[in-house]
């Protein structure tokens with residue numbers, strides 16, 4: 001019984017020490033980075049050149065990165081970020097930075113699809129639909145062309161067809 005009381009007291013004391021340490025050494029996140037991150041589409045597609053939306057938001061705020069690199073966000077996102085950061089964006093900069101737009105069409109080869117649902121579970125925008133053990137399909141209007149589904153398909157039945165055209 002005394003052992004139980006001693007361990008309970010030590011656990012309580014250790015909990016207080018840990019909570020104090022966590023409070024004292026907490027990291028200070030820039031609130032503007034959080035606001036810009038909330039504006040981004042959170043598709044984690046890496047088309048901007050960063051590994052995800054949070055690193056891109058951090059680069060926009062801290063390193064003055066261009067705000068027109070997010071292809072899924074489009075011109076509405078550029079306007080929203082410019083209003084949050086109180087910067088003027090000339091009309092010519094409202095165009096996404098890539099000279100050639102890539103229109104990716106994602107196709108699932110139904111003869112090779114085993115219905116494992118790995119592609120659907122990793123799709124950041126839920127553009128792949130289908131039930132487990134059944135053939136899946138891609139909703140093209142929601143697909144951002146991030147290629148994450150390609151990495152997780154065990155049968156390599158997903159194909160990306162890239163169409164490139166001048167703006």
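Cβ coordinates come from backbone N, Cα and C, glycine included.
Source: prediction; values computed, not measured.
If you look up Swiss-Prot, you'll see 1-22 marked as region 'Hydrophobic'. Computed over the region 'Hydrophobic' (1-22), the whole-number mean pLDDT of the model equals 95.
Annotation comment: Swiss-Prot describes 28-87 as domain '4Fe-4S', evidence class sequence analysis.
The [4Fe-4S] cluster 1 binding site annotation in Swiss-Prot covers 45, 48, 53, 70, and the record cites sequence analysis as its basis. In the three-state DSSP assignment, the secondary structure recorded for residue 70 ([4Fe-4S] cluster 1 binding site) is coil.
The feature domain '4Fe-4S ferredoxin-type 1' is assigned by Swiss-Prot to 104-133, with sequence analysis given as support.
Secondary structure from DSSP puts residue 119 ([4Fe-4S] cluster 2 binding site) in a helix. Look at Swiss-Prot and you will find 113, 116, 119, 153 tagged as [4Fe-4S] cluster 2 binding site, backed by sequence analysis.
Broken down by DSSP into helix, strand and coil, the domain '4Fe-4S ferredoxin-type 2' (134-163) contains 5 helix, 8 strand, 17 coil. The domain '4Fe-4S ferredoxin-type 2' annotation in Swiss-Prot covers 134-163.
For the binding-site residues 45, 53, 153, the largest tally of other C-beta atoms within 10 A is found at 53. Counting residue by residue with DSSP, the domain '4Fe-4S' (28-87) contains 32 helix, 0 strand, 28 coil. Minimal Cβ crowding within 10 Å, among the binding-site residues 70, 116, 119, is found at 116. For residue 153 ([4Fe-4S] cluster 2 binding site), the nearest neighbour among the listed binding-site residues (45, 48, 70), judged by C-alpha distance, is 45. Looking only at the binding-site residues 113, 116, 119, the one with its C-alpha closest to residue 70 ([4Fe-4S] cluster 1 binding site) is 119.
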